[in-house]
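Dropping a structure here in structure tokens format, bear with me for questions.
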């Protein structure tokens, strides 16, 4: 870990007691900062609060008292999920206090090179693939997957050395609070409509994503999806070397598919059909990952080994089990329509779809044609169930069932299925109407599947 003086004797407010907040607080204390932690929920009796107080932090929970700012903070570090219209964040901005997120702190102390991945969909799978590739028969050091993937960046940054690589998944929420992050390789998987409730406009969302390249120089690399015209235009914003990846053959300058083969800069790597996980989206994830791995000097052998054996990431098109001729899949990470579109295109078998969740004000009309083509029955729950039911009717789906809870949706889906069908949870919505996280939603689905198949 690099020792920096930036926060020595500086007064820092950490907003949010999530994983990233707790770990950032510990690191800031190590760096000599005077830290106050604030969380709106009452967490007085939690182990995290006791631990941070024992380390020397001031912890205030149960409300967001704006009067705290009279203490004169130099920095505010916020949990990525806390919006910029939060009263505490708004007050910091009003007072011209830098509002930062954990990746900023982690990057400042990290000795390791960063390979950073962002995008609307495919981030976690691509991050995981890159880390696996870079760790294959690695002689020195380790590639650590961290960030939005669930492992706090500041925790990993403290132990990573110059021989290591940090493969970091960075969300738009995290990137908004960065000023110095400079990945050796930045990867942009795609950009679709997402998180407009947080960012306000699509333009704000796109520019948050593009902060991943804001500090890159000509010695760095920007791996970008060349099949999306918007991303080709956005690539002009970087000073880094642009390395396209293309499933559709729109470019042969980076990673691409040609004659059924995965290729990199004219070199054939392996057949597309040997990729172990299904779906066109996973071909794109594989291309992005192999480009990053090659740019970091990894061998074709490592890429082939990983892509032919990788079984997927939990909650992302995860195969749960087969029972009575039905195959159950958990795609709880599908928190937007585009992710569900990708899931529907991945199967040739008839699908019984379970969908629904937080209402973010979207229309689901773009799903109509895919529902018509792939879905035989649909089970809906959550805030968006009526909106999705209307779209399903327009798609001509005859079996549409509305329930209150996900636990009711699973037996209903089984009842609507027959041998040879796929039963797929792919909600097309965020989970926060009924669950704290998409992981919790996926776990509830898996438990419900186990209950009806015992």
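Any Cβ shown, glycine's included, is placed from N, Cα and C.
According to Swiss-Prot, the protein has these features:
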BINDING   119, 120, 121, 122, 123, 124, 125  ATP binding site
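I'm curious about the neighbourhood of these features; can you describe it?
Under the DSSP three-state reduction, residue 123 (ATP binding site) is assigned to helix. Counting every protein chain shown, 26 other Cβ atoms lie within 10 Å of the Cβ of residue 123 (ATP binding site).
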For the binding-site residues 121, 124, which one has its C-beta crowded by the most other C-beta atoms within 10 angstroms?
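Comparing the binding-site residues 121, 124, the most crowded Cβ belongs to 121.
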Can you tell which of 120, 125 has the least company, meaning the fewest other C-beta atoms within 10 angstroms of its C-beta, among these binding-site residues?
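So among 120, 125, the binding-site residues given, the one with the fewest Cβ atoms within 10 Å is 120.
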